[in-house]
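Enquirer: A single structure is presented below for examination.
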Amino acid sequence: MMNRFRKWLYKPKRSDPQLLAQFYYADEELNQVAAELDSLDGRKDPQRCTLLVNQFRSCQDNVLNIINQIMEECIAHERANRDFCVKFPEEIRHDNLAGQLWFGAECLAAGSIIMNREIESMAMRPLAKDLTRSLEEVRNLIRDQALRDLNIYTEKMKESLRHFDVLFAEFELSYVSAMVPVKSPKEYYVQQEVIVLFCETVERALKLGYLTQDMIDDYEPALMFTIPRLAIVCGLVVYAEGPLNLERKPEDMSELFRPFHTLLRKIRDLLQTLTEDELHTLERNLCISQDVEFPANADPEVPSAISPVLVTALPTEEPPMAKAENTEVELACSMQYDEQELEQLNMMVHRVGDEMSSLLSPPSVYQSPAHRANTSNEASPCRRALDNLTDEEDRVFFMEDLDGSGEVLARSRPSETTISWVNNSCYNAKQPALYQDSVLQNGDLADVVSVKDGQRDISNNNNIDGSKMLAASASLQNSCSCLEAPESQLYLNGWDTNGEDAETAEIIAHRTGGMKISATVIFNPKSLTNSPETSPNLASNRIPSSSDPLTSNEEDESHKLSIAATNCLINSCVCCGSCEDTREDSLEGLRNVPSSGKVINASYSLIKSKELGHLDRSDCTVSAKELLKMDSPTVLLAEKETTRQEQPYPNSSKCLPLNSGSQVEMDSESDEPLTASRDQLRSESNRQETGNKERPSEEVEEPPSDRASADNITSSSSSQDGLRDSALSSISSSDYESVSVTTCSLSSIDSLSSCSSDDIDQEEIQLALQAAKIASRQKIRSRFHSSNDLIHRLFVCISGVADQLQTNYASDLRSILKTLFEVMATKQETDDKGKQKKANQGLRSAALEDCALCQETITSSELAAKARDGEFEDPPDWVPDEVCSLCTACKAPFTVIRRKHHCRSCGKIFCSRCSSHSAPLPRYGQMKPVRVCTHCYMFHVTPFYSDRAGM
């Protein structure tokens, strides 16, 4: 009864602007809607139910907004911390978020659960109950105070508001975190790095003329697309150590670019092959919002991205089919399937690792999907090139791991390319003998490096045609001429190249002081696998003969022994004859392998030429003759089997199964030093070589004297005792197939210091690596018809990634661009405040000189005082419609669509665009927002502008 009397006596007026009065009526409206909603059967009238629910939530928003204003007024300095709100996505940070939270809290308190969030719902239910209970208490206290005194906030009400504010902030964080992903501090730090990258990109674009400052100041809409595109290029090339550093783990990258990690790696590899002019052209094209048309039939010659310093060291590779007339091949890289290109790029996942770890790891034997085995028996390089281009048309383009990094993929080649050359086409008699007789038959070197059990045989030369076989025989007989048949195919780093590139390997080998095999491995780290046509021959060659007691169970051990023995031979050559002890230890370990038969690789002609070449070195203290003598029994037996099986070509080197009685017996127990002079060793080597060539095809056994001599020679101690513990001398039999020649070559650099005149400098090793890198880049560029084709591919891929950011990460991208514009927009000079004030006053007077309200001397504070006292002015007279045919502000003519609107503040006529604001006009008694023009809204309605301008 007392409450009714007080309500009747002290009930506030609806027009009262005080917060407690406004809350009273807002809460009354909420209670009415809630009561009607409770009494309504939603199944009978669903439309009415939906309407009431929306009205109920709107009333909740209104009540919470007024409570928030009351808290800002009475406990302004005691509010709960809400810094976590910056973590929320922009799309949920709106005015009615509080009402949604209240509605969610009531649902959870009533026992409901959030869909697919059962655990979070159970955890938040106690907090939701506390929040609804506290909110009900706050509402009762504020209603009671509104019926007592509208100007006083009691301590009890303040304490209740503090408790409610803390609970509401805690529930807001929990509820929003359960509904939407909230960034962690680490993710915010990464996003700040992305913002810095975008700012650096815009600053660079301004310097290079891609963008203008006016575009930034005017918030040009096209920049929403241009800036992310340019940022991808800068993040991959210019600022490679920034947030787009692909050497990081994907989980450490920004979530914007994390899904595109693989595609960005491919884009980076292509960007690194561009010249400065090409990069400039690409960035220019990326600044254009629409698609750019690239000429399809441009100059087929792709400009080289090689620095001028290395152009002479590595000649530019000419496209093998530059003059092809096949129009289908010309359209292989057609630009009509850009979307398909992007999808295929996303599917190409190839791991890319460290550069040196690739060079020091054994090559893989698996075929690359970019080089499938051809099924054609045609030996023409033109046909082979056409097939390769046809494959490229299917897969658009496939980027190899740049710099030889990552997982090294094996290559599958046709049978006609089973001979490859790595020697100089123009032999110079003054050059060391290292340059002689370096033929690699059937990928001799590469296949020795990595051989998988049961996948291929190293010694298959049955498919070599006559011209190639004659050339191979000439090479084995110390011929210095290169294979000039048109069917010959050269391999550099596993790719099709010309003879000049092979010459480069020789040059680098010569500069590095006898590391020709190492240089060759660097250029050719990928194994050459045989084509399907040669598989039957391989299978037949692997079957032991009737006189050979080898069984199928012993073939694995035989292959391991072959690999290890050949690696030891190559090791002795690469290390300039200073690793004899290492090779002795390796062969001693090989004797203990439990196998009744061995397979020894007969790459004797290659190793022999290398070792004889070392005899010409003036300062080497260790002769290579001992290496020849130690290896001679094995090699001679292998050559005997070679001459017996291939009568037409007696000089062909092969890797064949040996009889079980032919064991490798190397006795290294003697410690007598080597006393023979260099001339004697050279003459003995020549006799040994002559004897090998003239040996008949019948069974040959080693004389005891030769074996004794070999035992004495191999027992000599080397000055490099540290190499006894090298990788090749300590590996087990199960690890033989993973031994890498490159490991031996690089780990033996220290041993080369024994040759004082040919010390290998670190710069020359870097030169070899850089040359290999350049060859790799040239191979990537050779897959594109022209420079424009390459630029177009990059344009498509980069634009695709940047445009997907607009769709998948719109909120984050808007936040980044918003910060970007705030940072990069032109700042007003604040150094001279007097000049700025005068400029503002001049601008104000110039802008308002034709307005009657601007001529008044009364200030906004005086107008506010009059409004509080109830002294209202008469509204201005409206301009008649018939006397005005143009908008007062923009001078646009009025039409049926463009209607006339009067400003309630000045009475003039404007179009809808120039009078789109609403504001209360208390000086005229208008407490509700009414239509005003832009001029009045800026200069007369908004008090802070009027006061500041009048200072």
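Heads up, the Cβ atoms here are built off N, Cα and C, so glycines get one too.
So Swiss-Prot lists these for the protein:
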{"type": "BINDING", "residues": "C887, C890, C911, C914", "note": "Zn(2+) 1 binding site"}
{"type": "BINDING", "residues": "C903, C906, C933, C936", "note": "Zn(2+) 2 binding site"}
{"type": "COMPBIAS", "residues": "360-379", "note": "compositional bias 'Polar residues'"}
{"type": "COMPBIAS", "residues": "527-552", "note": "compositional bias 'Polar residues'"}
{"type": "COMPBIAS", "residues": "645-665", "note": "compositional bias 'Polar residues'"}
{"type": "CROSSLNK", "residues": "K87", "note": "ubiquitin cross-link"}
{"type": "REGION", "residues": "360-382", "note": "region 'Disordered'"}
{"type": "REGION", "residues": "527-557", "note": "region 'Disordered'"}
{"type": "REGION", "residues": "641-726", "note": "region 'Disordered'"}
Enquirer: Would you list the other residues of this chain near Zn(2+) 1 - those whose C-beta lies within 8 angstroms of the C-beta centroid of C887, C890, C911, C914 - in sequence order?
Expert: T888, A889, K891, A892, F910, S912, R913, S915
Enquirer: Which one is closest to C914 (Zn(2+) 1 binding site) in space, judged by CA to CA distance, out of the recorded positions K87, C903, C906, C933, C936?
Expert: C933
Enquirer: In this structure, which of the binding-site residues C914, C936 has the fewest other Cβ atoms within 10 Å of its Cβ?
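Expert: Checked C914, C936; of these binding-site residues, fewest Cβ neighbours within 10 Å: C914.
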Enquirer: May I ask you to report the DSSP-based helix, strand or coil state of C890 (Zn(2+) 1 binding site)?
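Expert: Reduced to three states, the DSSP call for C890 (Zn(2+) 1 binding site) is coil.
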Enquirer: Given the binding-site residues C887, C903, C911, C936, find the one whose Cα is closest in space to the Cα of K87 (ubiquitin cross-link).
Expert: C936
Enquirer: Would you list, in sequence order, the residues of this chain other than C903, C906, C933, C936 that have their CB within 8 A of the centroid of the site's CB atoms, where the site is the one recorded for Zn(2+) 2?
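Expert: Not counting the recorded site residues, we get R904, S905, G907, K908, F910, S915, V932, T934, H935, Y937, H940.
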Enquirer: Which secondary structure state does DSSP assign to C933 (Zn(2+) 2 binding site), in the simple three-class scheme?
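Expert: Coil, per DSSP.
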Enquirer: For the binding-site residues listed here (C890, C906, C933), tell me which residue's CB has the most neighbouring CB atoms inside 10 Å.
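Expert: Max Cβ neighbours within 10 Å, all protein chains included: C933.
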Enquirer: Rounded to the nearest angstrom, how far is the Cα of C933 (Zn(2+) 2 binding site) from the Cα of C911 (Zn(2+) 1 binding site)?
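Expert: Here the two Cα atoms are 9 Å apart.
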Enquirer: Distance between C903 (Zn(2+) 2 binding site) and C890 (Zn(2+) 1 binding site) at the Cα atoms, whole Å?
Expert: 14
Enquirer: Using C-alpha atoms only, work out the spacing between C906 (Zn(2+) 2 binding site) and C887 (Zn(2+) 1 binding site) and round it to an integer in Å.
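Expert: C887 (Zn(2+) 1 binding site) has its Cα 14 Å from the Cα of C906 (Zn(2+) 2 binding site).
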Enquirer: Neighbour count first, Cβ atoms within 10 Å, every protein chain included; then name which of C887, C903, C911 tops the list of binding-site residues.
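Expert: That would be C903, with the highest Cβ count within 10 Å.
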Enquirer: How many whole Å apart are the CA atoms of C936 (Zn(2+) 2 binding site) and C890 (Zn(2+) 1 binding site)?
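Expert: For C936 (Zn(2+) 2 binding site) versus C890 (Zn(2+) 1 binding site), the Cα atoms are 15 Å apart.
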Enquirer: Measuring Cα to Cα, how many angstrom lie between C890 (Zn(2+) 1 binding site) and C933 (Zn(2+) 2 binding site)?
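Expert: About 12 Å separate the Cα atoms of these two residues.
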Enquirer: Rounded to a whole angstrom, what is the C-alpha distance between C933 (Zn(2+) 2 binding site) and C887 (Zn(2+) 1 binding site)?
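Expert: Between the alpha carbons of C933 (Zn(2+) 2 binding site) and C887 (Zn(2+) 1 binding site) there are 11 Å.
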